[in-house]
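Single-structure report; data block below.
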């Protein structure tokens, strides 16, 4: 693990013997901050995520997030460039050096279009959805689930390709729940780590004897697809009005009619938003359906889907 050193007078930091210049703050939330930095060795921009670690458990969770990144070398999953632990007296900061995406997140794009009175077209949605699915497929193939998929956790590359980020909530894909104590512990964990308006129904009220699997991500993916289609998540307004999301997700989702969307896309969304997780499709099934729906490349014959 690299060592970090702050040279505040020059606004630079050193990670793994490379110097980075602080440019500006990008954002903050909870106990973490994200800064834009420039690598003085290569002139490239990076996002430096700094996690405040008040306890040993915080350090372990930050290390685990770094370990999750290192599991993957995939175009649709955010790459970790470097990881360092910085000591400041009795406190520590975990630093994750990540690629910088100037286009921001999928949510930024949805909001930008909405401000213009527009939405993503189906021909734009389908390749995005395919890329997100491929990222999830890679995560699930290694026996993990993302558990906090949402538009703000999906970056957009220069060519518009989706890249999954924020792997701090990832855990094992298949969880065998055996008893009320374990069920309550998992439910409490989900309340803290899984965004409420994108959280699968089975995580709101975990049964004493059940199996929670990676299809929680498929539900969240359905919420992301809904947001791409309609400009907001299906339960965003429920949460904003102070109504019960836990109650709302127990009912079948009503999908608005729109001439912008094919029946095939609507059926795909409906399958993802199946309340019973055992009836929800796995990612490989969705991938095969999605690949058949992809818009043709420029110059190819187009058919209505």
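Placement of Cβ uses the backbone N, Cα and C atoms for every residue, glycine included.
The active site, proton acceptor annotation in Swiss-Prot covers 148. Annotation comment: Swiss-Prot describes 26, 27, 28, 29, 30, 31, 32, 33, 34, 49 as ATP binding site, evidence class sequence analysis. If you look up Swiss-Prot, you'll see 20-293 marked as domain 'Protein kinase'. Residues annotated as N-myristoyl glycine in Swiss-Prot: 2. Swiss-Prot lists 6, 8 with the feature S-palmitoyl cysteine. Feature annotation from Swiss-Prot assigns phosphoserine to 197. Taken from Swiss-Prot, the feature phosphotyrosine covers 198. Sequence annotations record features per position, and here Swiss-Prot assigns region 'Activation loop' to 166-202 based on similarity to another entry.
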Quiz item: Around residue 34 (ATP binding site), how many other C-beta atoms are within 10 angstroms of its C-beta?
Solution: 16
Exercise. Summarise the region 'Activation loop' (166-202) by DSSP state, stating how many residues are helix, strand and coil.
Key: 22 helix, 6 strand, 9 coil
Quiz item: Which binding-site residues from the set 26, 28, 30, 32, 34 come within 10 angstroms of residue 148 (active site, proton acceptor), judged by C-alpha positions?
Solution: none
Quiz item: Per DSSP, residue 30 (ATP binding site) is which: helix, strand or coil?
Solution: coil
Practice problem: For the recorded ATP site formed by 26, 27, 28, 29, 30, 31, 32, 33, 34, 49, name the remaining residues of the chain with Cβ within 8 Å of the site's Cβ center, in chain order. | Solution: 50, 51
Practice problem: Looking only at C-alpha atoms, tell me how far residue 30 (ATP binding site) is from residue 197 (phosphoserine), rounded to the nearest Å. | Solution: 18
Quiz prompt | Cα distance (Å, whole number) from the residue listed as 'phosphotyrosine' to residue 32 (ATP binding site) | solution = 21
